[in-house]
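Notes follow the structure.
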Amino acid sequence: MAAAGGGGGGAAGRAYSFKVVLLGEGCVGKTSLVLRYCENKFNDKHITTLQASFLTKKLNIGGKRVNLAIWDTAGQERFHALGPIYYRDSNGAILVYDITDEDSFQKVKNWVKELRKMLGNEICLCIVGNKIDLEKERHVSIQEAESYAESVGAKHYHTSAKQNKGIEELFLDLCKRMIETAQVDERAKGNGSSQPGAARRGVQIIDDEPQAQSSGGGCCSSG
């Protein structure tokens, strides 16, 4: 769900709240990416996520305040059926694979199909090849991964949670894309469009003045 709040400050002063979900197989490093981004922490020991965990991050991008609600989902097969519960109303999805594990890349394709089926083309997709610190053990070709990402309307990124590479760029770019999508929805609403895609994502404009603040949608209220 995305909420854009604006008072008298115009577009530059808008505040946006976005929901981002991380998907991928177990052991690809989803939790490590989130912890590195939100808390600048890294643990060499494998961290198993059970069901889903939730972290928040606040940013300022070109004068626009952004609140991110980041959902880190479990990768184990037995939790896959719970996926729709967590990625419902998401504005962005980060689909992570391990560059040393071809099967984890193939599983990303299944997630893409499911997201497109459930959320359509409005959700911003990022396909991420993690663990580039293990480049010598790579089993997924860069060309194949980038070609696939382009074919499904996603952007491809390379990251290393261990070395803290590519993570800031990943989230910054995703935020910019989600802002652009929200602005398109706002313009469509201003032109009288019924904007079914925006309604499905819960995009709304909120008066940012103190007397008109809404108490709902508190997914980014902590962190």
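Using the three backbone atoms N, Cα and C, a Cβ is placed for every residue, glycine included.
Going by Swiss-Prot, these are the annotated features:
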BINDING   Gly26, 29-32, 43-44, His46, 48-49, Gly75, 130-131, Asp133, 161-162  GTP binding site
BINDING   Thr31, Thr49, Asp72  Mg(2+) binding site
LIPID     Cys219  S-geranylgeranyl cysteine
LIPID     Cys220  S-geranylgeranyl cysteine
MOD_RES   Ala2  N-acetylalanine
MOD_RES   Cys220  cysteine methyl ester
MOTIF     41-54  motif 'Switch 1'
MOTIF     74-92  motif 'Switch 2'
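Feature map: Swiss-Prot annotations on the structure.
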residue	record	Cβ within 10 Å
Gly26	GTP binding site	17
Lys30	GTP binding site	27
Thr31	Mg(2+) binding site	23
Ser32	GTP binding site	24
Asp44	GTP binding site	7
Asp72	Mg(2+) binding site	27
Lys131	GTP binding site	25
Ala161	GTP binding site	25
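Thr31 (Mg(2+) binding site) has its Cα within 10 Å of the Cα of these binding-site residues: Ala161, taken from Asp44, Lys131, Ala161.
Annotation note: Ala161 (GTP binding site) sits in a coil segment as assigned by DSSP.
The secondary structure of Lys131 (GTP binding site), as reduced to three states from DSSP, is coil rather than helix or strand. The distance from the Cα of Ser32 (GTP binding site) to the Cα of Asp72 (Mg(2+) binding site) comes to 10 Å. In the predicted structure, the motif 'Switch 1' (41-54) carries a mean pLDDT of 67.
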